[in-house]
Amino acid sequence: MQMNGERRTALRLPLHNIIVYGTENTGKCVSRSFVLQNFLKVLSHDFLCAFGAAMGLHLLHRVPLLFLTFLCCCWSEAPRNGSTPNIIIMLMDDMGWGDLGVFGQPSKETPNLDRMAAEGMVFPNFYTANPLCSPSRASLLTGRLPVRNGFYTTNAHARNAYTPQEIVGGISDKEVLLPQMLKKMGYVNKIVGKWHLGHRPQHLPLVRGFDQWFGAPNCHFGPYNSSLRPNIPVYNNSQMVGRYYEEFGINRKTGESDLTQIYLQESLEFLRAQVSGQHPFFLYWAVDATHAPVYASKRFLGRSQRGRYGDAVMELDDSVGVILKELKKLGVAKETFVFFTSDNGAALMSGPNQSGSNGPFLCGKETTFEGGMREPAIAWWPGHVPAGKVSYQLGSVMDLFTTSLALAGLPAPHDRIVDGLDLTPVLFKNALIDRPIFYYRGNEMMAVRVEQYKAHYWTWSNSWEEFNKGINFCPGQDVADVTTHEQKEHTMQPLIFHLGRDPGEKYPISVLSAEYQAVLQHVSHIVEQHKTGLVPGVPQLNMCDLAVMNWAPAGCERMGKCLKAPKSQPWKCEWPH
């Protein structure tokens, strides 16, 4: 069965030895048909599931499409316990795949995350949607590739772009964000930490579905001379309550800052308030201590074996442990789905004390090699997600959008392509959903992964100009004709690697081999289908203007912290990478 021209994929449920067919962008049966929606108004979910069990799975090929559809829904949805689960997404900043003990880090910095993994499900094949912070976050909250949701630039070919202070744009008002959807089911939504989807008033979290916010709109770069560039504001909901390096200190010399502890306390107070009020909640915990300039509180500085970066990891790990313990103390651990991951790979160019580990993978942040795109990922939900499991599902941060909606009992938006899959069959049935992973850098699809194979259509680390300035995205990892400093096109004969045999992408499969030809034929069809149906969104990251920086955020008058903005002189942003 093929639907809307999408590639048919197979969802294998090992317990029943059957295959349920779905679509590339949802990974489940057609559950949104008009017939089914009206049918469900008459018959209850429990009755439908019971009917499916009574029919016998071996008779599925004789069941009318209507019943096949609702049976699929039974398997793909979260267990019903009378209420929708709380949802916590923990998104780290520039934390690499190899930074956790469960992924092989020997420094013993993550006992709480390792315990979380032992109590939940680990995803060693989990990816970001872009190797840079802003586009990755936009994809998490929309379930869509940056090239669809507009978080990219067309100012130059294959350039990473993000939201510095001078960016004019932000997340498009045409995009539907996860908290906006969850509000339909009565969720109270809070973001703690970095937003990074636009700092102008029309782009901020409280106008995009969040009820509460404590954090900052941009990275914690600085300190700045306020006459030339303002320090980044920190918001409590709609009002600034200070600025980085001013009211919220970060000591650039020692790395000391209490920000992670402040973010932890904000999160704990939110959890307690929502449990007391018996509200379902969504907490988006977007802490940024592992982004350069790396910081940690005094209690953690000097404790790790990896310098300041390891100290920051230890403090974040401790915070994870405190939050999970609080959920248990409040009696809502079995009612709360928690997912831990990172926005992109470790920023190797920042140096050893300011960046982490990408394990065995090539290069890091800013690149579409595995080190830039593959992320640590752990799902935790006691009593629902089985403990001690490893899923080899190809996953994406975009899946958190669709999966969260499924857990809340909501369908994904009908009026747009959603790239994220519903991973509930993976979480609850240990199923594997066939799907590709597309690696984008700006407006270019650089590579694609299908099963164990990865095909590079373009390769590029960074330019010779930037490299000669000392900016190296692949320190000590140069691979001839792969980590190139010119944009190298391979569209006629892509470089293909088997990531199981060669996770470091060092040894391309010979183009003369039968293996290469078979993989190329399979992958080419998937890429052609993807590109044929791709309608790029309007790029939001093309224009810059010093006048739009954080000169006078809401609340600055009360604090006497307003600064005078310069005259508006917009220009096309320059993105070197």
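Quick reminder: no glycine exception, Cβ is built from N, Cα and C everywhere.
Note that this is a predicted model, so its numbers are computed, not measured.
Per TrEMBL, active site, nucleophile is recorded for CYS133. In sequence order, ASP93, ASP94, TYR162, LYS194, HIS196, CYS219, HIS291, ASP343, ASN344 constitute the residues six or more apart from CYS133 (active site, nucleophile) in its chain with CB-CB distances below 8 Å.
Residues or ranges marked as active site by TrEMBL: HIS196. Counting Cβ atoms from all protein chains shown, HIS196 (active site) has 28 others lying within 10 Å of its own Cβ.
Per TrEMBL, the feature Ca(2+) binding site maps to ASP93, ASP94, CYS133, ASP343, ASN344.
The domain 'Sulfatase N-terminal' annotation in TrEMBL covers 85-409.
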- line: Residues sitting within 8 A of the centre of the ASP93, ASP94, CYS133, ASP343, ASN344 CB atoms (Ca(2+) site), not counting those, run MET92, MET95, LEU132, SER136, ASP288, HIS291, SER342, ALA347, LYS365
